[in-house]
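See structure below.
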Amino acid sequence: ASKNQKTPEDTASSLVCFGDSSRMIEIQSQMSERALELLSLPEGHPCFLLDVGCGSGLSGDHLTEEGHCWVGIDISTAMLDVALDREVEGDLVLGDMGQGMPFRPGTFDGCISISALQWLCNADKKTHSPPKRLYTFFSTLYSSLTRGARAVFQIYPENSEQLELITAQAMKAGFTGGMVVDYPNSTKGLDSDTADRGVPNQVQFSGQRSRFKNMKGKSVKKTRDWILEKKERRRRQGREVRADTKYTGRQRKPRF
């Protein structure tokens, strides 16, 4: 899920720097509640969830309140120390999401991430490649989720190119889904030609979702490259897969 609103980093930078704001806690709680809602988990059934970029555990607090067990992963030792001091209920893991999720296949019933995913679009080091880091993250996350599970990411994209980069790598890793904009009147992060590129600035909450599309506006799913990537991913998981041939992914006529 993608919310498009002025970020806390823009509106309250001094509060973020000092890390103490009841308003920030309230915003984090609201976004966590929305992300959990979009996971569409079965009612009254406790689930095992992953919180990517968990920080000090504010999102995890909401998961605990709703009766779920969770594991949080974050790159910041300082933030995880705060979570430990707060005695959060979830287990904590120190890790860089761009290097992949270090969990066994099928571990989690769902995943949420609040204000973290967009950082993978930046190259903080010369060795960092945003597309590769995003794909590494999505492919390992895909493996760590149970069949049919959802992952909801609340992000603050800088522009439509970041959205395209993120969705393209997510689709490449096997995910399907769409974007939800909870603040349709805001234009921050979406340039003037966004709508022409297939990135809508509003999707109704009734269940409509914009399908992830590539730069040419055609669906990535079911193409030859998508099928080959899916088969290779299954081979890495130890599954039996048919050998690739010149017919793999070829469009067939509707009738003989």
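From the backbone N, Cα and C atoms, a Cβ is placed for every residue, glycine too.
Feature list (source: TrEMBL):
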type: COMPBIAS; residues: 212-221; note: compositional bias 'Basic residues'
type: COMPBIAS; residues: 222-231; note: compositional bias 'Basic and acidic residues'
type: COMPBIAS; residues: 238-247; note: compositional bias 'Basic and acidic residues'
type: DOMAIN; residues: 50-123; note: domain 'Methyltransferase type 11'
type: DOMAIN; residues: 188-254; note: domain '18S rRNA (guanine(1575)-N(7))-methyltransferase Bud23 C-terminal'
type: REGION; residues: 212-256; note: region 'Disordered'
Residue distribution over DSSP helix, strand and coil in the compositional bias 'Basic and acidic residues' (222-231): 8 helix, 0 strand, 2 coil
Counts of helix, strand and coil residues, the compositional bias 'Basic and acidic residues' (238-247), according to DSSP: 0 helix, 0 strand, 10 coil
